[in-house]
Amino acid sequence: RPACAMDWQVLTREISLYLESQVRVGLFGSGVGLSLVLGFGVAYACYYLSSIAKKPQLVASNDRFCRFLEEYCPVVTETYYPTIWCWEGRVQTLLRPFITSRPQVQYRNELIKTADGGQISLDWFDNNDSLYYPDASTRPTVLLLPGLTGTSKESYILHMIHQSETLGYRYCSYGGIFPSDSLQTPRTYCAANTEDLEAVIHHVHSLHPSAPFMAAGVSMGGMLLLNYLGKTGRDTPLMAAAIFSAGWNVFESVESLEKPLNWLLFNYYLTTCLQSSISRHRQMLEKLFDMDLVMKARTVREFDKQFTSVMFGYRTIDDYYEDASPCRKLKSVGIPVLCLNSVDDVFSPGHAIPVETAKQNANVALVLTSCGGHIGFLEGIWPRKCTYMDRVFKQFVQAMFEHGDKIFSM
């Protein structure tokens, strides 16, 4: 017999002997304990393979877009095997920031001025050692938008850059939707207001007008990007976009987050993060807002009611949430967009994903996994490095930059 078969038999026998020695305590020294362990293992493996590991659902009305993705971005048609010991959505969401590594990325920071006197921080990874694109003027550029309280230092942003660094692209990370120490005017973020994003896109494009240009948004960054695309249609320098874990319907998102367990695990923590982000600017902001009420908020909805909706002049919180929901603008998107969501994401519940609306726009493709949580998508026994989301990002960006002209000719 082949040596590998002999080695496998030896390994199996050693494992069996070890397990039996560990579980034989009691049960009259019989092999019942081992049988229970092996039986449970087999049952769990069967459940995992039949109910957890599944191919994602690919939703697209354009057959040519589907064929393009199947050929050049095949990961969207492959079975997603979430980490076998933490596949549940909440667990994936909670563990990802602690489990995943943080690759080293050397940024170059740039501050740009806005029309109202404020400033925006951009972190550049120029990739000047690019072998495929040595000419900086034509080097493909990807604009990355992190989540609500995220920055360019988030592990998912670092992994996006690290995974695709060898492809030779240039990256620019919007330094965070929420301000840190650089707030110059009493204005922060708004998921519906795309003025700052428009300024960033115009600025990046003006620096490298001959370079192919894409954008990718995660969570709130994805919502902002979708709202921008819905507003501009085809009138944008972006050739395509990738969206990850976006909240499609804000009403449904906050309702999901206000369920008792979700409030305890996510909502309260996120609210305190938002309050902490503005507390350092309290002296500037308290001239316009009742900061005592803002700091008493215990949910994201209460925070938005007292702060965000007031800042941007909405009559009610419902008016703000309606305007901020990307599902209402999806029909107007005019460039190819790939959107990855997990249906067990408590920040963007599966029933609120606009599947039928997406089918009405030939430019939109949804990739829906059964597991993955919010910006989770962990895979492998010990998911320190690449996630399913990272692989989707890498393949789609490469597909668009290198084969994008074929998307509507296949």
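Our numbering is plain: 1 for the first residue shown, then up by one each step along the chain.
Keep in mind that glycine also has a Cβ here, set from the backbone N, Cα and C atoms.
Caution: TrEMBL annotation is automatic and unverified by curators.
So that you can see what the record holds, here are the features copied from TrEMBL:
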ACT_SITE  Ser219  active site, charge relay system
ACT_SITE  Asp345  active site, charge relay system
ACT_SITE  His374  active site, charge relay system
DOMAIN    140-380  domain 'AB hydrolase-1'
TRANSMEM  27-49  transmembrane segment
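Looking only at the domain 'AB hydrolase-1' (140-380), the predicted model's pLDDT averages out at 92. Across the fold, the C-alpha of His374 (active site, charge relay system) and the C-alpha of Ser219 (active site, charge relay system) stand 8 Å from each other. Neighbour list (Asp345 (active site, charge relay system), Cβ cut-off 8 Å, at least 6 residues apart, same chain): Gly89, Thr93, Ser245, Gly372, Gly373, His374.
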